[in-house]
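For reference, TrEMBL has these:
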- 299-332: compositional bias 'Low complexity' (COMPBIAS)
- 343-362: compositional bias 'Low complexity' (COMPBIAS)
- 298-377: region 'Disordered' (REGION)
- 23-68: repeat 'LDL-receptor class B' (REPEAT)
- 69-111: repeat 'LDL-receptor class B' (REPEAT)
- 112-155: repeat 'LDL-receptor class B' (REPEAT)
- 156-200: repeat 'LDL-receptor class B' (REPEAT)
- 385-404: transmembrane segment (TRANSMEM)
Amino acid sequence: IEYTQVVPTLKNAVALDVDVSINKMFWCDLYHRKIYSAYINKASDSSQQVALIDSLHSPEGLAVDWVHKNIYWTDSGNKSISVATGDGRKRKVLIATELSEPRAIAVDPHQGFMYWSDWGGQAKIEKAGMNGVDRQVLVSEHIEWPNGITLDLSNRRLYWVDSKLHLLSSVDLNGDNRKVLLSSHHYLGHPFALTVFEDRIYWTDLEDEAIYSANRLTGHDVAKVAEHLNNPLDLVVFHEQRQPKAPDTCNLGSLPNGGCEYLCLKAPQITDHSPKYTCACPDGMELGPDMRRCAVGKSATTTTSTSAATTLRPTTRRLTTTTASPQTPRSTSTEHPRTPAATSTETTRFSSTTKTSTSTHTPLLGPAAPNSIQRESNGNLSHRVPILATVVIGLLCTGGYLVWRNWRRKNTKSMNFDNPVYRKTTEDDDDEIHIGRHSESIGHVYPARVALSLEDDGYP
C-alpha cells in the first residue's frame with residue numbers, strides 16, 4: 001500500500017469530505033474551530049488552504065453536496081446542523097432543536113435528504129430534507145454510540161458503526177430492513193468512521209489504530225487495509241462513483257440560484273409533486289411573500305403598543321463543557337479512549353487503479369472548548385399603561401420619602417450636658433452646688449485641747 005501525505009501539520013482535523021468533480025477537499029479543524037478547503041493537488045501549501053467557515057464551537061461532522069455545491073456540518077457544542085455555500089459566504093442553521101451530541105452527517109443530493117447520527121443520552125440516527133424540513137427518526141433502538149455513518153446510494157442503504165456495542169449495521173433509507181453485518185470486539189474495538197465502495201465497506205478503529213474492510217452484504221472477509229495510523233478519525237473514498245452526477249435544480253431555469261436572494265437548497269423528493277428546491281434566508285430573517293426574497297423575521301419586529309407590554313423571560317439551558325477534540329463517548333466501564341499524539345492527512349492508493357481512499361489521522365488536541373420566549377399582552381392593555389405607570393411612580397415616591405424620613409430620625413443623635421456656670425439665675429439657692437470649704441461644712445468635730453498640771457491637782 002502506498003501512502004501520500006496530502007495536508008501536513010494540521011492542528012486537529014476531525015472530519016473530512018471531498019468534491020470529486022472539482023478535485024477539492026474540505027475538513028473541520030477543532031483547534032481553530034473552522035472549516036477549511038483546498039484543492040487536493042495544492043493542499044500541501046498552507047497558503048492555498050482557505051478558511052470557509054469560522055465562529056464554530058465543535059464541528060465534528062462534515063458532508064459535501066457535490067451537486068448544488070453546498071456544505072453541511074454538525075456542531076456538538078452549539079447542538080446544531082448548518083449549511084453554507086461552497087465558498088462559505090452564505091450560511092444558515094437548519095436544525096437546532098432536539099439535538100444532544102450530533103456527530104456524523106451524510107447527504108443524498110439526488111433525493112434531497114441529509115442523515116446524521118446523535119450519540120447523546122437517547123442515541124439515534126435521523127434524517128431530514130436538505131432544507132431542514134420533514135425530519136424523522138430512522139434508528140432509535142439498540143443503539144448507543146453511533147459514531148460514523150455512510151450512504152450506499154446505489155443500493156439505497158445507510159451503514160453505521162456503534163463503538164459501544166461493537167456493531168456494524170445497516171438499514172434502508174426509510175429505517176426498515178435493519179441488519180447487523182458484523183459484531184466483534186476484535187475488529188470493532190472502537191470504530192469511528194466508515195465509508196462504502198462497490199462491494200466493500202471500510203471503517204477506522206481507534207483502538208487498533210487501523211482501517212478494516214469487509215463485504216458490505218455479509219460482513220465476512222474482514223481484512224486489515226492499513227495500520228499504525230495514530231487515531232484515524234475519518235476517511236473517504238475519492239472516486240466519481242461515490243458521487244454520481246445529477247442536475248443542479250437551482251440552476252436549471254433562466255434565473256440563477258433558483259431566483260433565491262440568499263440560499264437555494266435541494267428539497268426532499270417525497271412525491272412526484274414535491275418542489276425541487278426551496279429558498280432559505282440567513283438566521284434572523286425569513287422569506288417574503290414571493291418565497292424568494294428575505295425580510296426581517298416577525299420575531300424581530302415590534303410595534304409601539306406591544307413593546308411596552310412585552311416581557312422577555314430567558315429560558316435556562318444546561319450547557320456541557322466540551323474539549324476541542326471530538327468527545328468519544330464514555331461508559332461507566334473501564335474502557336477509555338486514548339489521546340493520540342500526531343497529525344497527518346494521507347491518501348491511500350489500493351492495488352486497483354480505479355479506487356483511492358482518503359483518510360485523516362489527527363490527534364484529539366486543542367483548547368477546552370438562552371433562548372428567550374417573548375410574551376405579548378393584548379392590544380387594549382396599552383391604554384392602561386400611562387395610568388398604571390403614574391400610580392406606581394406616585395407610590396414609589398411616597399414610600400421613598402417615608403423610608404428616608406424614618407432613616408433620618410434613627411440616625412440623628414443628641415447629647416445634653418448640665419453646666420452650673422450657665423444655670424439660670426432664678427434658680428433657688430437650695431438647688432445650687434457649692435464647691436469648697438464652708439463653716440457649715442458637715443464633718444467630724446474634735447474637742448478643744450485641754451492641758452493638765454500635776455502641781456495644781458490639790459494633792460499634798
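The backbone N, Cα and C atoms fix where each Cβ goes, glycine too.
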Per-residue pLDDT averaged over the repeat 'LDL-receptor class B' (69-111) comes to what?
97
Looking only at the repeat 'LDL-receptor class B' (23-68), how are its residues distributed among DSSP helix, strand and coil?
6 helix, 23 strand, 17 coil
Going by DSSP assignments with H, G and I as helix and E and B as strand, what are the residue counts for the repeat 'LDL-receptor class B' (112-155)?
0 helix, 23 strand, 21 coil
Run through the repeat 'LDL-receptor class B' (69-111) and tell me, per DSSP, how many residues are helix, strand and coil.
0 helix, 24 strand, 19 coil
